[in-house]
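Colleague: Sharing a structure, written as structure tokens. Questions coming.
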Amino acid sequence: MATKLDYYAVLEVTRDANGDELKKAYRRLAMQYHPDRNPGDASAEARFKEINEAYDILKDEQKRAAYDRFGHAAFEGGGPGAGGFDFGGGLGDIFEQMFGDMMGGRRGGRRSGSDIQIQVSISFTEAFTGVKKPITVPTRVTCESCEGTGSADRDQGAETCPTCHGAGKVRAQQGFFLVERACPTCHGAGKVVRNPCAACHGAGTVERERTLEVAIPAGVEDGTRIRLSGEGEAGGKGAAPGDLYIHVAVEPHPIFQRDGANIYCRVPLRMSLAALGTEIEVPVVDGSRTKVKVPAGTQTGENFRLRGKGFSVLRSSARGDMYIQVSVETPRHLTKRQRELLEEFEAEAGDHERANPESTGFFSKVRDFFEGKL
């Protein structure tokens, strides 16, 4: 058996090279020794295969760790990377290796695309009315060069794996157990690419940015998660794509507050208008205005309900309400005439219980308290 070169030497990098350095070296060398650039050159083709083999191992953290520990033996028959057990991970890893594939574990079958998580900020008003938002999603999409096959030769495409014969799994005797696990050659895909696509390096997908228009329904709350099935990263070599999860962040409003489907708006009101009664015009979240009658004698904290002016309730035809909360303002700075009028008012009001029922009742209780009646 021919002696294999060190994978780090094949990629012309040091053993502490990071992922970006590995990728850069791989792309440079793969381009240099690609068979399309070296037609009929058997040595270049062999070198190209070595480069792909080395990168396939070193780009994967688990495979790289196994290679650093055991060398090429990790991926040969009986080695830890090719079916043997590595007890360094504890009992959980051992049982996952033994039973993971038979019970639908992560190693079996083609690898579906990853899910994507993205946050979208919308205004309070947009949450009220609903909105369509264009979003840019960094993702992996099907490679156009090879149409997702991962092969430079579209007609040939991927070949049936010679190890598992297309099953994606292999069986091995481990002591008393017959263990079924993902094929170490094709990693569960059932197929292998002999001539990898230069654009996607055999993955079948490439990194791109996509722009989507997302419909955010009326009534969403801060923290709502929206799932778009199949809009995640493309699966490798024909596998199913992942999903896109949009986390909605609703910006606060300077005038309105929200509690569930209900909206609250605090409206300051002059003391005189609260005493005499009035009609006020208040804003609604959708930009319209409505009038509210405030009866004479209105106190701070009283609410006036506007039915159906709140948020839509998701997956329902119901709507919340809007509440106008009155806050009676006491003037801080008075003119001489205003002070005189208030003094006249106070002298006239006196202890008149009908005019000031709450204060009269309160001070009556205070008097009873000091007299020992309470």
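Every residue, even glycine, has its Cβ placed from backbone N, Cα and C.
For 6-71, the entry in Swiss-Prot reads domain 'J', with the evidence type sequence analysis. The zinc finger feature in Swiss-Prot is assigned to 130-209; the stated evidence is sequence analysis. Here Swiss-Prot flags Cys143, Cys146, Cys197, Cys200 as Zn(2+) 1 binding site, drawing on sequence analysis. Feature annotation from Swiss-Prot assigns repeat 'CXXCXGXG motif' to 143-150, 161-168, 183-190, 197-204. Annotation source Swiss-Prot lists Zn(2+) 2 binding site at Cys161, Cys164, Cys183, Cys186.
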Colleague: CB neighbours of Cys146 (Zn(2+) 1 binding site) within 10 A?
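Modeller: So the Cβ neighbour count for Cys146 (Zn(2+) 1 binding site) comes to 27.
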Colleague: Enter the number of other CB atoms within 10 angstroms of the CB of Cys197 (Zn(2+) 1 binding site).
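Modeller: For Cys197 (Zn(2+) 1 binding site), the 10 Å Cβ neighbour count is 22.
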Colleague: Would you identify which of the binding-site residues Cys161, Cys183 has the most other C-beta atoms lying within 10 angstroms of its C-beta?
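Modeller: The largest 10 Å Cβ neighbour count belongs to Cys183.
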Colleague: Please work out which residue of Cys164, Cys200 has the most C-beta neighbours within 10 angstroms of its C-beta, and give that one of the binding-site residues.
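Modeller: Sorting the candidates by Cβ neighbours within 10 Å, the top entry is Cys200.
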Colleague: For Cys164 (Zn(2+) 2 binding site) and Cys197 (Zn(2+) 1 binding site), determine the Cα separation and express it in whole Å.
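Modeller: About 23 Å separates the two Cα atoms.
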Colleague: For the repeat 'CXXCXGXG motif' (161-168), provide the mean pLDDT of the predicted model.
Modeller: 83
Colleague: Do me a favour and check the Cα-Cα span between Cys143 (Zn(2+) 1 binding site) and Cys186 (Zn(2+) 2 binding site); whole Å is fine.
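Modeller: Roughly 19 Å, rounded to the nearest whole number.
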Colleague: So if I measure Cβ to Cβ from Cys186 (Zn(2+) 2 binding site) and keep only same-chain residues at least 6 apart in sequence, which ones fall under 8 Å?
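Modeller: Those within reach of Cys186 (Zn(2+) 2 binding site), by Cβ under 8 Å and sequence separation of 6 or more, are Cys161, Thr163, Cys164, Gly168, Val192.
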Colleague: Pop the Cα-Cα gap between Cys183 (Zn(2+) 2 binding site) and Cys197 (Zn(2+) 1 binding site) into the table, whole Å please.
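Modeller: With distance taken Cα to Cα, Cys183 (Zn(2+) 2 binding site) is 22 Å from Cys197 (Zn(2+) 1 binding site).
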Colleague: Distance check, please: Cα of Cys183 (Zn(2+) 2 binding site) against Cα of Cys200 (Zn(2+) 1 binding site), rounded to an integer number of angstrom.
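Modeller: Given the Cα positions, Cys183 (Zn(2+) 2 binding site) is 22 Å from Cys200 (Zn(2+) 1 binding site).
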